[in-house]
Amino acid sequence: SRYRAESGSNGIRMTMESALTARDRVGVQDFVLLENFTSEAAFIENLRKRFKENLIYTYIGSVLVSVNPYKELEIYSKQHMERYRGVSFYEVSPHLYAIADNSYRSLRTERKDQCILISGESGAGKTEATKKILQYYAVTCPASDQVEMVKDRLLQSNPVLEAFGNAKTLRNDNSSRFGKYMDVQFDYRGAPVGGHILNYLLEKSRVVHQNHGERNFHIFYQLLDGGEEELLRRLGLEKNPQQYPYLVKGHCARVSSINDKNDWKVVRKALSIINFNDNDVEDLLSIVASVLHLGNVQFAADEQGNAQVTTENQIKYLARLLGVEGSILREALIHKKIIAKGEELVSPLNLEQAAYARDALAKAVYGRTFSWLVNKINKSLSYKETEFPGWRSTTVLGLLDIYGFEVFQHNSFEQFCINYCNEKLQQLFIELTLKSEQEEYESEGIAWEPVQYFDNKIICDLVEEKFKGIISILDEECLRPGDATDMTFLEKLEETVKNHPHFLTHKLADQKTRKSLGREEFRLLHYAGEVTYSVSGFLDKNNDLLFRNLKETMCNSENPIVNQCFERTELTDKKRPETAATQFKNSLSKLMEILMSKEPSYIRCIKPNDSKQAGKFVEVLIRHQVKYLGLMENLRVRRAGFAYRRKYEVFLQRYKSLCPETWPVWDGRPHDGVAVLVKYLGYKQEEYKMGRTKIFIRFPKTLFATEDALEIRKQSLATKIQAAWRGFHQRQKFQHMKHSAITIQSWWRGTLGRRKAAKKKWAVETIRRFIKGFIYRNYPRCAENEYFLDYIRYSFLMSLKRNLPRNVLDKSWPTPPPSLCEASQLLRQLCMQNMVWRYCKRINPEWKQQLDQKVIASEIFKDKKDNYPQSVPRLFLDTRLDINAKVLQALGSETIKYAVPVIKYDRKGYKARARQLLLTQTAVFIVEEAKIKQRIDYANLTGISVSSLSDNLFVLHVHCEDNKQKGDVVLQSDHAIETLTKMAMSADKVDNVNINQGSIKFTVGQGKEGIIDFTSGSELLIAKAKNGHLTVVSGPSGFPPHLCSPSSHLQAQDCSVSCVTALSSWIQNSYITFIGSI
Ligand SMILES: Nc1ncnc2c1ncn2[C@@H]1O[C@H](COP(=O)(O)OP(=O)(O)O)[C@@H](O)[C@H]1O
Ligand SMILES: [Mg+2]
């Protein structure tokens, strides 16, 4: 439930009461609900349980007990503040904010002044609590610009006061060394509009001395650590605190947990917010610096034993900082001036006295400056009530943050005062608590049963009574002429109050207790326990003496602050100034008056351990504090009658479900409803009382039983409500879904329907137009056929796009509609040109040469010779032979362009002989092995004859007049087309190739003529016929079988089959011409 509480205001409402159920784990939130309320062990156990769960706050009725967590808890956020704002005290878990809010609301609704008293040991968290409450008001109270400024000042006065009034002690790194009571003024709207601070008994002795492990007031260290170079130079200070005896008495000038530099910045900023101008700050810091310089003033004794100042430098600084004459100050430090019988007597001081005077001056200057500071802050906080002077338009809420009970190993005057103060506060507390209890009973009409409690008035009297009280005796001893000492004071005490039951000294004690008391000690039995005080220093501290000549010097100071602190009237006033104890007593009694006039709330702070550690719960220490704070006493008073009380409305609202008559609504008065309810629950007569507005329940167990019953009831109610809610919720959800589904469905159907109808309409329209267009298709373009024609055109172009010919050999082309014939033709040409262009771009020089030859071959042989087609797919090679070296030599400068093996048929008998045919640039050579047999210059080559059949025979006609020639040459080559083409080209005889049908005539030599007859047959046959002719039976058209395998003719050729094939089909077509022209 605690965690649920974090989640929202509804959760919060549950917390307080629901924690009753979780009481076993987190303890009770209000000690009055402890079954065993007289047991200290049970009390501490409850604290421990809650502390372990980080629940640091617990109530005793309306008193808040707080245990210092020594760690940051996430419970002070703005959201937390909001949660506590305007919520009934008991509805939320215990918190500072609940107390703060409760006081604030009483202040607003009843217009009665309030005060919150925060007490506890040093380090228990009082100052933190004060700050948190102030923050709460700053955040939650209504605001305006002017109010913001006041809020700021209220908050910012804190760091300044803490710098000057707080110090590191063994107990607390930021211990307040003065008591503080702060009034916050609220206007009729509830906005904070002003404030006022009262300070009590600053521990001045700290200025000149600190115990081991403690420090002087923060401001000194902050100034040295944070002050700018220039400022320190002006003040004549060095950064190192070790230079100043006043700062290092405790041997811990630097503390890791304190960041003086940062704090300095905070203080500096705060000073300007609370209206300090640069001059004020300079004056103030001059005083702080002068205290440090005073600490460095040293003395030496002259021959007479009189003190002399040995540190002239310090005097110079002091004179400047305090605005006094250096020589006067020097003299004042080593002399004392007394006025006896109207005459001034000046006498020198010895070393000890001089040191005393110096320290007294330091303390006085610092102490008075602190009071001045408080005054100055008060001025900046004061609310100017101009509208209706005399008519109080504001209400006041006071916050008291004052030292708690202090018990040390060695207790002195300061502890005496502090503990006396606590004694007074306890008295007030008891009085007010009892009073308010009694008042409540009275107002509720319930009989008051007297409560037994310890009244500590007897101790207060022991301290403050006139003539007989300790303070009176102390003052008397201080005033009386003669040699009064601390010891004579103790003797006087023994004499005067020896019979007091709360007073004890070594002399007065019995044998047993005497051992625990020194001869210079006295013991007081405070309400919270006994404390032993040492009398040494009591007289001095009470006198708080500052020699007259030092006072005079200060009165003449030109430092405005010092000047205000030391008034001239002090010098002329014949009356002896009040002693410290009396001053304190008087201010306390004033404080009591102030507090009595207000409605109090209490926060009791407890420190869980001495080592400032989180999560450590030291039982001995806590028991001690529970005792000193009188918490058990408090609980006893609060529980004397009834453990629990609640307004009828609240009680009924919470528990009405437990009774059929009050559930779910009770119509009548809440009072009657509760009566019916408790009767139904079976409360016994002695267990409760019915007041005017509240029910009072005597024992926690009665309440717990009711609470448990509620828990069970809640379960069943919750189940029922859940079931009903779920059913309702599901039905709603279903309805909603159904409705949505139907809506979506109908919308979607509509959409679909509309789309379909539109499509149909479009289709009908299109078909109609199409048909009409078809009918009118041969008419000139008109409205009727427009669509159709466009469509046809479009579909032709689209189909063309899809079916464009892939290469030049692809003759396919879609048939165009009549209207596009011309365009189609153009497109086709374009397309073809494009393909050809693309192809041509890829042609290299070798390929071009090849093509050239093929073109010539085509010119010569195409459609004229039967074996021409077979030659087409075969590439023409540059040579088909290796030529013998001797031949090469014989050829000399002739370069061979082509060589091929041939068969030569000689003239006589046509015998076949293997020869080689070479072409050079000028002639044809017939070669046998290494010997050139014949040379035919191209000039002598008159023609070439072949048959139209598929044989490979050819005849070279040679000029007959040439003597060297023996007539025409009959040759056969397996590559006749290639050979002849090359020859025709080399010899430029393309037009001289004759293709003959039937037979070829040729010259055999010496005018004789030979004839070759060609016939076609099934097998190649070349032979001499009986008629002397050479008969050639050409084989089937095609190559000789040994040349037909593709591997053989393509071997070692760097041209791919596909190229050849492409070329072959290409050449067979008319594009040859086109290529020829490239
Ligand atoms: N509510 C708190 N949450 C966290 N830390 C706290 C709380 N109260 C006190 N402290 C710690 O304890 C230290 C001493 O608290 P402080 O209020 O200065 O003690 P006191 O004024 O009673 O001497 C604080 O400096 C802080 O570290
Ligand atoms: Mg404090």
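Counting starts with 1 at the first residue shown.
Using N, Cα and C of the backbone, Cβ positions are placed for all residues, glycine too.
Bear in mind that TrEMBL entries carry predicted annotations, made automatically and left uncurated.
Given the structure is predicted, the values throughout are model-derived calculations rather than measurements.
Long-range C-beta contacts of Lys126 (ATP binding site), restricted to its own chain and to partners at least six residues apart, with a cutoff below 8 Å, comprise Ile118, Ser119, Gly120, Ser176, Asp401, Ile402, Gly404, Ile603, Cys605. As annotated by TrEMBL, ATP binding site applies to Gly120, Glu121, Ser122, Gly123, Ala124, Gly125, Lys126, Thr127.
Taken from TrEMBL, the feature domain 'Myosin motor' applies to 27-711.
For 865-1036, the entry in TrEMBL reads domain 'TH1'.
For 588-610, the entry in TrEMBL reads region 'Actin-binding'. Within the same chain, residues 47, 51, 62-70, 96, 99, 102-103, 106, 110, 112-126, 129, 171, 181, 198, 200, 396, 398, 400, 404, 420-421, 424, 428-429, 432, 616-618, 621-622, 625-626, 629, 631 sit at least 6 positions outside the region 'Actin-binding' (588-610) and bring their C-beta atoms closer than 8 Å to a C-beta of that stretch.
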Requested in this report: Give the residue from the binding-site residues Gly120, Gly123 that has the most other Cβ atoms within 10 Å of its Cβ, counting over every protein chain displayed.
Outcome: Gly120
Query raised in the report: Out of Gly120, Gly123, Lys126, Thr127, which binding-site residues lie by ligand 2, with a C-beta less than 6 Å from some atom of it?
Result: Lys126, Thr127
Query raised in the report: Relative to the mean position of the Cβ atoms of Gly120, Glu121, Ser122, Gly123, Ala124, Gly125, Lys126, Thr127, the recorded ATP site, which additional same-chain residues have Cβ within 8 Å?
Result: Asn68, Asn172, Gly404, Cys605, Lys607
Query raised in the report: For Glu121 (ATP binding site), which residues of its chain lie six or more apart in sequence with Cβ-Cβ distance below 8 Å?
Result: Arg171, Gly404, Phe405, Glu406, Cys605, Ile606, Lys607, Gln625, Tyr628
**Report entry** Listed binding-site residues adjacent to ligand 1, that is, members of Glu121, Lys126, Thr127 whose C-beta is under 6 A away
**Finding:** Lys126, Thr127
Report task. Using Cβ-Cβ distances, find the residues under 8 Å from Ala124 (ATP binding site) that belong to the same chain and are at least 6 apart in sequence, listing them in sequence order. Result -> Ser66, Asn68, Gly404, Cys605, Ile606, Lys607, Gln625
Report summary line: Same-chain residues at least 6 positions away from Gly125 (ATP binding site) with a Cβ under 8 Å from its Cβ, in sequence order, are Ser66, Asn68, Cys605, Lys607
Query - For the region 'Actin-binding' (588-610), the number of residues DSSP places in helix, strand and coil - result: 9 helix, 8 strand, 6 coil
Report task. Quick one: average pLDDT across the domain 'Myosin motor' (27-711), no decimals. Result -> 90
Requested in this report: Kindly assign Gly120 (ATP binding site) to one of the three DSSP-derived states: helix, strand or coil.
Outcome: strand
**Report entry** Neighbourhood of Ser122 (ATP binding site) by C-beta distance under 8 A, where only residues 6 or more apart in the same chain count
**Finding:** Thr169, Arg171, Asn172, Ser175, Tyr403, Gly404, Glu406, Lys607
Query - Under 8 Å by Cβ from Thr127 (ATP binding site), counting only residues of that chain that are 6 or more apart - result: Glu162, Asn166, Asn174, Ser176, Asp401
